[in-house]
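Asks: Straight from Swiss-Prot, here's the annotation block:
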- 1-41: domain 'Gla' (DOMAIN)
- Glu11: Ca(2+) 1 binding site (BINDING)
- Glu11: 4-carboxyglutamate (MOD_RES)
- Glu15, Glu18: Ca(2+) 2 binding site (BINDING)
- Glu15: 4-carboxyglutamate (MOD_RES)
- Cys17-Cys23: disulfide bond (DISULFID)
- Glu18, Glu24: Ca(2+) 3 binding site (BINDING)
- Glu18: 4-carboxyglutamate (MOD_RES)
Amino acid sequence: AAGELTLTQLESLREVCEANLACEDMMDAQGIIAAYTAYYGPIPY
């Protein structure tokens, strides 16, 4: 499921992640999927 996200879904994940500085840093290094799941658990889509 995680491989088939739409751009809209990815953008909403980024907005959540960017509110958390540590998540944002991880997103820059490892990508939004890895960062979101590390901080917030499974992606809800």
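Using the three backbone atoms N, Cα and C, a Cβ is placed for every residue, glycine included.
Keep in mind the model is a prediction, meaning the values are calculated, not measured.
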Asks: Which numbers of helix, strand and coil residues does DSSP report for the domain 'Gla' (1-41)?
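Replies: Helix, strand and coil residues of the domain 'Gla' (1-41) number 34 helix, 0 strand, 7 coil.
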Asks: Whole-number Å distance between the CA of Glu15 (Ca(2+) 2 binding site) and the CA of Glu24 (Ca(2+) 3 binding site)?
Replies: 9
Asks: If you average pLDDT over the domain 'Gla' (1-41), what do you get?
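Replies: 94, rounded to a whole number.
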Asks: In sequence order, what residues of the same chain, 6+ apart, have a Cβ less than 8 Å from the Cβ of Glu18 (Ca(2+) 2 binding site)?
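Replies: Non-local contacts for Glu18 (Ca(2+) 2 binding site): Glu24, Met27.
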Asks: Ten-angstrom check, please: count other Cβ atoms within 10 Å of the Cβ of Glu11 (Ca(2+) 1 binding site), all chains counted.
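Replies: There are 11 of them.
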Asks: Whole-number answer please: how many Å between the C-alpha atoms of Cys17 (disulfide bond) and Glu11 (Ca(2+) 1 binding site)?
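Replies: On Cα coordinates alone, these residues lie 10 Å apart.
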